[in-house]
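I'd like to ask you about the structure that follows.
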Amino acid sequence: MATYPCQLCGKTFLTLEKFTIHNYSHSRERPYKCLQPDCGKAFISRYKLMRHMATHSPQKSHQCAHCEKTFNRKDHLKNHLQTHDPNKMAFGCEECGKKYNTMLGYKRHLALHAASSGDLTCGVCALELGSTEVLLDHLKAHAEEKPPSGTKEKKHQCDHCERCFYTRKDVRRHLVVHTGCKDFLCQFCAQRFGRKDHLTRHTKKTHSQELMKESLQSGDLLSTFHSISPQFQLKAAPLSPFPLGAPAQNGLASSLPAEVHSHTHNPSEQTSQPVQALPELLAPLHPVAPPTSPPQPLQNHKYNTSSTSYSPLASLPLKADTKGFCNTNLLEDLPLQEPQSPHKLNPGFDLAKGGAGKVNLPKELPADAVNLTIPASLDLSPLLGFWQLPPPATQNAFGNSTLTLGPGESLPHRLSCLGQQQQDPSLAMSTMSLGQLPLPPIPHVFPAGTGSAILPHFHHAFR
């Protein structure tokens, strides 16, 4: 920024207009003259000329509130009000006894006494002048200038204490300390304050979280969120569901945890909890190696498996409340018919009812399991249409493709109902072992976060 320094006194000005007006004080040039015939005053700026013209107006609109005096100009009234202030700070001259309210007026008065005694140095700016007339004109220029902000004084004193302030407004604002009036109530607590700025400071310091909540609810910070740089905003792309039994082909598999990665490659261990979508931006940053072995089931048994009374249940799987993608627990949720003989199955394929209305498919059964035969009229296509059947030679989730039932075990009610229907003649067979029937992978999942696993009912093993 360009500045304009004065070569005579060293003052610096920011604008050319102020620099030109200042030069008039050194050259004693007054280009703006009063047009009144009886007044020959001239001024260095148009503003000061217009302010002077108000003195020639017969209307005096500025009246003192303490006396009946009126003034043409507001600054004259302001100077007059200083005479009614009992706490004003007065600077008295020792030679003539005059008193001044400001330090600048007092120094200007002392410069006049110094000029009359032969000292031609300005008492305001310490400038040496050539003659007394030049010094007096120079002092008049200081009289027309406004006092700098550094010389502003606290000339307004409180009536109840010794504190002084710059303006009357500051004194009135200070009076709440003595009156005890607290009209500003905090909206978050019951605390009151005498000044508004004290309430604002208390709210920002103590209730910053409440203010943040109100800003979020009103939507004031929405523009702040959108103004964040794009590289700091994580964008999560929606993920398409993985096909059942097929490995993931994108780069997201490396960023998934070990448990999720193993469930993605092993459909027999799918859990009911959906995999949350991770940001694509974080995929290459956290590679996770695939597990070398499948997760081991929980071993926190409630009962001792080596006990004599518990030994028939040692090979049975623990019951898990699982809801898969293909409703693999359909066999457990179906109601059962009334039981008949557990060792005899009629051609109508009526099965015995088990326990509390649910059939638990065992993982391993004893060696004396009974193979069941299926009549040629049985059509299993409505049931098997729910799943994508693997090839007959593949292994299912239980390690064997045959489903065998021990003595007393029963098949679901859905199979007994489907035995009365026949829709596709290609599935008809004379006699068929149910163990040769390929079954879909049935998940074997243990819910995480529980201290003890849910055990099967005891009467499943003793029927």
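Just so you know, glycine gets a Cβ as well, placed from its N, Cα and C.
Annotations for this protein, taken from Swiss-Prot, read as follows:
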type: COMPBIAS; residues: 287-297; note: compositional bias 'Pro residues'
type: COMPBIAS; residues: 298-310; note: compositional bias 'Polar residues'
type: REGION; residues: 285-310; note: region 'Disordered'
type: ZN_FING; residues: 4-26; note: zinc finger
type: ZN_FING; residues: 32-56; note: zinc finger
type: ZN_FING; residues: 62-84; note: zinc finger
type: ZN_FING; residues: 91-113; note: zinc finger
type: ZN_FING; residues: 120-142; note: zinc finger
type: ZN_FING; residues: 156-178; note: zinc finger
type: ZN_FING; residues: 184-207; note: zinc finger
Residues of the same chain, at least six outside the zinc finger (32-56), with any C-beta under 8 angstroms of its C-beta?
21, 24-25, 72-73, 141, 144
Checking distant contacts: for the zinc finger (184-207), what same-chain residues at least six beyond its ends satisfy Cβ-Cβ under 8 A?
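Non-local partners: 173, 176-177.
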Excluding the flanking five residues on each side, which residues at least 6 beyond the ends of the zinc finger (62-84) place their CB within less than 8 Å of a CB in that stretch?
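Distal contacts: 51, 54-55, 101.
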For the zinc finger (62-84), how many residues does DSSP put in helix, in strand and in coil?
11 helix, 4 strand, 8 coil
